[in-house]
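According to TrEMBL, the domain 'Phosphofructokinase' annotation covers 7-329. Summarising the annotation, TrEMBL assigns diphosphate binding site to G14. Per TrEMBL, the feature Mg(2+) binding site maps to N110. The site 'Important for catalytic activity and substrate specificity' annotation in TrEMBL covers D111. According to TrEMBL, the site 'Important for catalytic activity' annotation covers K137. Feature annotation from TrEMBL assigns substrate binding site to T138, I139, D140, M183, G184, R185, E247, Y306, L307, Q308, R309. Among the features that TrEMBL reports, active site, proton acceptor is placed at D140.
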Amino acid sequence: MTLQGNALIIQSGGPTAVINQSLAGIMAASRDYPDKIHNVYGAYHGLHGVLYENLLDLSCEESSVWRTIAVSPGAALGSARIKPRHSDLDRIFEVFTAHKIKFVFYNGGNDSAEAAQLIREEANRRHYEVRILHIPKTIDNDLMVTNHCPGYGSVAKVVSHIIAGDDLDNRSFFNSVKINVVMGRHAGWIAAATAIAKKGHIDIEDDDEVGPHLIYLPEVEFNEKKFLGDVQKTYNRIGRATIVVAEGIADQLSEDKFAGEVDEFGNALLSSSGKLGDYLSNLIKKNLVYNSAFGKLRCRADTLGYLQRSLAGMSSPTDQADAFLVGSMGVHYMMKGESDKMVTLVRIPGEHYKCETSLCDLKLVAQKTKLMPRSMINKEENGVTEEFYQYALPLAGSVPEIHALKPQHLKKKLMDYIRPEK
């Protein structure tokens, strides 16, 4: 007998700029199977909505609603970071049974894959017939098997534009060092994406002149002495430095001051504090040798925090298309009988970007993290290689075009000026 009933969409974890494209993709494809999918419901604020039976009727919405929701950042259904406890399972299946839920689309990252797997195992134990697919979503780009994750292309575009502008600001002053802390607990994909800013400069041929000059990733051992040496070398060469640091390097520092809150999955909430940036900024202020003739050292730090993941109007077109694709294909796969899997993106080799989808078992994704390969990290371990640019540029979709004045200095006619101390 053909499985039929109602579908439930769960948005989980941190929002992205394109998570609602996947929602729109699921809604669009669901209309192709009216004999199998009777109604589509949404869990209001993720698993929290399931536990408290706070479900939304999505089938009653006009298709025009999803076209506008699709291009809006943030989780339209509401999200949550909740790990199903053993005591929650009875309630989850009470709700599933009461509302005849037979198809579940769990849209999220690593933790969501783990939650989907836990629910799947409990369904098997109870002999409850339900199909579950994990629809990938994470700005961290750290899900195994898939070539990349919906959400990453947009954050790559955002952070590269931010750093391009921030480096021009930094370039405006002598003796200026700027640190930007970006998201990335275990994997440095977001920090690496800031290097895309270097590709937009039209008038500067010297790549070393263009920031970010130094990028530090969780995949590489962080050493304070080497860090200070890198900053000093950069300052000695160009008189300034723009630095990007992934938040995850805080785990490598012995300072207890970086310890903070954790979510239900045990993940540290690193982006809610500027402590790491302040620590590194103070480290530079105490140790950098600079030319006081150009004034005092200006060393500042910013933690980009949640701004980087849901900035309106800055999503990548490639990312938008990929997010819609994994949502719609998830429905088609499920209606063919697929379950207990994640929809993956498979990049097709060629001169122009092209992507298809496939499936992988949930067990290959849950509780696992895809790190940046060493081949994408430069030998100095403070930047990226050309391989990374080839991987990331099509995902970001655009490079901020930057123009800079090429100074044409007049020949000096006077002796060098030595400015008095006061």
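Backbone N, Cα and C define each Cβ position, glycine as well.
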Inter-residue Cα distance where the pair is T138 (substrate binding site) and D111 (site 'Important for catalytic activity and substrate specificity'), in Å: 10
C-alpha spacing of the residue listed as 'Mg(2+) binding site' relative to K137 (site 'Important for catalytic activity'), in angstrom: 9
DSSP three-state assignment for T138 (substrate binding site): coil
Spatial separation of D140 (substrate binding site) from the residue listed as 'diphosphate binding site' - C-alpha basis, Å: 10
In the chain carrying D140 (substrate binding site), residues 6 or more apart in sequence that have Cβ under 8 angstroms from it: G109, C149, Y152, M183, G184, R185, H186, A187, W189, I190
Max pairwise CA distance, angstrom, over record-listed substrate binders T138, I139, D140, M183, G184, R185, E247, Y306, L307, Q308, R309: 16
Residue pair L307 (substrate binding site), the residue listed as 'Mg(2+) binding site' - Cα distance, angstrom, rounded: 21
Between R309 (substrate binding site) and N110 (Mg(2+) binding site), the C-alpha gap once rounded to whole angstrom: 17
Entry from the recorded positions list D111, E247 having the most other CB atoms no farther than 10 A: E247
Chain-internal residues near T138 (substrate binding site), provided their CB is under 8 angstroms and they sit 6+ positions away: G13, G14, T16, G108, G109, N110, C149, G151, Y152
Which listed residue (K137, R309) has most other Cβ within 10 Å, given these are recorded positions: K137
